[in-house]
Each structure stands twice: as C-alpha cells, then as structure tokens.
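Asker: The following feature annotations were taken from TrEMBL:
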BINDING   60, 62, 209, 297  Zn(2+) binding site
BINDING   89, 182, 212, 297  substrate binding site
DOMAIN    51-398  domain 'Amidohydrolase-related'
Ligand SMILES: N[C@@H](CCSC[C@H]1O[C@@H](n2cnc3c(=O)[nH]cnc32)[C@H](O)[C@@H]1O)C(=O)O
Ligand SMILES: [Zn+2]
C-alpha cells in the first residue's frame, strides 16, 4: 500500500465542524484511511495554515464551452443560444472539443473541483481528457432534435445512448454516464418516449435542462396541458438517479414531484443571473426535501468554472429569492457544494471520513481576505476564491500541488485553447 498524508490543516468534517488533523490516504484504493494526529504517509501534502475540504462537485457543466468564454454576452437564453452559441458550436471539431475540455478541466482542478457532470457533443474527447486529468466525471452526449430531420434527430439520440453504454465505468471507474436529452423543449416527445425506456434498460440515469426560463415552460403547458416536470414525470424522466439543471421556474406541485421522486436539481445561480433566467426557489425546495447540488453551467454563461464563486452566488441569490437573509445559509451551501452535488451525480464522495473517496481540496487561509478565522464554513462560502486553492486531490492522487497541476501541461493547454478559439471565431466570421 502506498499512502499520502495531508498534514497540519483544519479538516472540515461531515458535521461541518473543523478539527486540526492529518488525513491519511491509501493511494491504491483512492480512499481515506484515517483522520487524526501524526499520520505519516509515503508522500506528504502540506496543509498548514489551510482548510482541508471535500472536493467541490460541479453538477452541471459544458466544459468545452470555455472556448466561447466572452464570445457572446448580455443576451437572454434563447437569443444567446440561437444567434451566437449554436452557430459557433456548429464549427467545433472533435479537436476543438478536446481543447476546450482540457481548458475546462484545468480550470476546474485549479479551483478545487474534483468531480463534475458534463453534457456536450464529441463526448469521447471529454472522456479522454477526464481519464488523463484524473478527475471524476459523469458524462453524456447532449441531444437536440428540434429543427433536425428525423434521421439526424434519431442519430443524435442513438449516439447519446451508445456513448453512455460504452463509457460507463471508464477511467478505472472515475467516469460514469447518463442519457442526456438537452431539454424538454429541444427534444421532441416522440424521442423521449422511444429512447428513455432504452436508457432505463441500460441502467442509465437521465440528465437534462428543465424549467430554466419562462419561455421553456409556456410551450409545454400550451402543447401538453401540464407543467414541464409533470410532463417529464409522465415520460419516466423523474427517477431518483436523474438530475435536472436549473429548476428556476417550478411551482409548488413541481417541487412536490421532485421531492417525492428523489430527483435532484442542479442550481446554477451565476448562469441564471447572467441570462436573467430568474431566481430558483432554493430555500423552498430544500424545505420540501428536494436534493440539490450546484453547477456553473458552461463558461459562456458564467463566465468561469469556479465552484467557490457559485457557492457565494447561491447564498446571495437564495436570500434575495426568499427575501430572507437567513435563507440558504453558509452551512447549507457547503452541503450543496460537496455532498449535495455528489449525491445528485451518484458519486460516493463529498465527505471527509475514513472509507470515503479521497477527493479533497486544500484552501490556503493565510490571506488578507480570509483573516481572521472565526468561522471557516463562512469563509468557504463568502470569502474564499479559486485562487486560494493550494492543492487538489482526487481518487487519492495529487492533481495539483502548490498550484502546479500535475496531470495536464498548463501552458500547452492554454495555447491549444487560445488557437482553437481564435480559429472558431474566424470560421463563424466573428
Ligand atoms: N447534440 C446537440 C448538442 C447538445 S450539447 C449541450 C448544449 O447545451 C447548450 N447550453 C449551454 N448552456 C445552456 C443553458 O443554460 N441552457 C440550455 N442549453 C445550454 C450548449 O450550448 C450545447 O449546445 C446538438 O446537435 O446541438
Ligand atoms: Zn447547461
């Protein structure tokens, strides 16, 4: 057995108290062996003056969209997608997706993310990046059928199913998969009715965008006579292993449906604010027992992949939405950031205790904006930033040590992404 010891830090425990301790990890199994004092390992990571926290889980992302960061801003969802994003994405080659995924995963590791969910096309390219980078991910090919001929639409759905079947369990189990219809309005009912049972037969969860904007709710009500999540439930899309992105415009009945079904919601506050999609009723959903995680969504609607930013945004927006400063507290947000996201994605991670996966981040506290240290949970949500992450560990492996990412060549990744992004912009004539 080869061990790694993360020494001298304040360790954030599952009950959200902290204790000065070492964390001993079995690198072979990728799990935590012990949390205590004077634990020596074959390899050591210095956590003095730092907080050792479960790695952050980004529950909804499109990592290759990092190539479109700053490409189109300040528009609502439908215009932004149709006028700018989709035309640019239609120019993406497999190599571009790989370059964008590398950039997104690099950014994720530098901001303490150890696991994420991704919906995109050329998904095998993203899987290759995840395998090499050492993170944990739930991946899927996003399906759009509207505006496509029958044959192309079916091919998209088949590809999602085939990818999910083939890649489930890849990268020594760090990759899991889901069937991913893009949304309830961009995928026709007939395709959901045909393919969701096939996904279930393959044991796959389903992930999709739901109730993100009011413009997505009305067409379903008009065409089907029920609100989107009732429509989803009728088509078998609300299972305990499923998770929906956004859940902004949900009424009480839909909240009840989510809670009864055990389907998780990934709250994406920055994307919802930037596209002016609305305010998800996070506090109400939590009180109703809905399982919630946090996500950045793609970098083009955020515009970064820092989950610490997302944590702060979730706390701030949650209070405004509930008109209550006590809503969506720091403790709640830390749960969503770690265990909530892990639960939504079916990862056994999100907690630091013996037997748990060794997925963690070490946050440097010796900074002006993190002084004094009354409450480290408060700091994590309200004051820490991605640049404060000192080390990142996933599955017992050190992915970043002293801000140096070990599994990806940072300058090569930045160069490839810059070149790919410039060439895409030239091809779309932007
Ligand atoms: N195979 C599909 C691609 C779907 S991938 C997932 C898609 O989600 C899009 N996307 C990114 N952010 C959001 C969001 O907030 N809401 C809805 N879609 C988004 C993104 O641009 C990408 O095209 C096709 O043929 O078009
Ligand atoms: Zn999205």
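In case you wondered, yes, glycine gets a Cβ from its N, Cα and C as well.
Automated prediction, rather than curation, is the source of TrEMBL annotations.
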Asker: Counting other Cβ atoms within 10 Å of each residue's Cβ, which of the binding-site residues 60, 62, 182 comes out lowest?
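Answerer: If we count Cβ atoms within 10 Å for the binding-site residues 60, 62, 182, the smallest count is at 182.
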Asker: Write down the Cα-Cα distance for residue 209 (Zn(2+) binding site) and residue 182 (substrate binding site), rounded and given in Å.
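Answerer: With distance taken Cα to Cα, residue 209 (Zn(2+) binding site) is 6 Å from residue 182 (substrate binding site).
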Asker: What span in Å does the substrate site cover, taken as the longest CA to CA distance among 89, 182, 212, 297?
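Answerer: Between the outermost Cα atoms of 89, 182, 212, 297, the distance is 21 Å.
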Asker: Can you give me the Cα-Cα distance between residue 60 (Zn(2+) binding site) and residue 212 (substrate binding site) in Å, rounded to a whole number?
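Answerer: It is 13 Å, counting Cα to Cα.
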Asker: Here the binding-site residues are 89, 212, 297; which one has the lowest number of other Cβ atoms no more than 10 Å from its Cβ?
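Answerer: Each of the binding-site residues 89, 212, 297 was scored; lowest Cβ tally within 10 Å is 89.
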Asker: Translate the DSSP assignment of residue 89 (substrate binding site) into the three-state scheme.
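Answerer: Its secondary structure by DSSP: helix.
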Asker: So which binding-site residues out of 89, 182, 212 are up against ligand 2, CB under 6 A?
Answerer: none
Asker: Quick one: Cα separation, residue 209 (Zn(2+) binding site) versus residue 89 (substrate binding site), in Å?
Answerer: 18
Asker: Taking the Cβ of residue 209 (Zn(2+) binding site) as the centre, count every other Cβ atom within 10 Å, in any protein chain shown.
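Answerer: Its Cβ shell of radius 10 Å holds 25 other Cβ atoms.
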Asker: In whole Å, how far is residue 297 (Zn(2+) binding site) from residue 89 (substrate binding site) when you measure between their Cα atoms?
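Answerer: On Cα coordinates alone, these residues lie 16 Å apart.
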Asker: Just to verify a number: CA distance, residue 62 (Zn(2+) binding site) to residue 212 (substrate binding site), in angstrom, no decimals.
Answerer: 16
Asker: Using the centroid of the Cβ atoms of 60, 62, 209, 297 as reference, list every other same-chain residue with Cβ within 8 Å of it (recorded Zn(2+) site), in sequence order.
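Answerer: So the additional residues around the site are 61, 119, 245, 246, 266, 268, 271, 295, 298.
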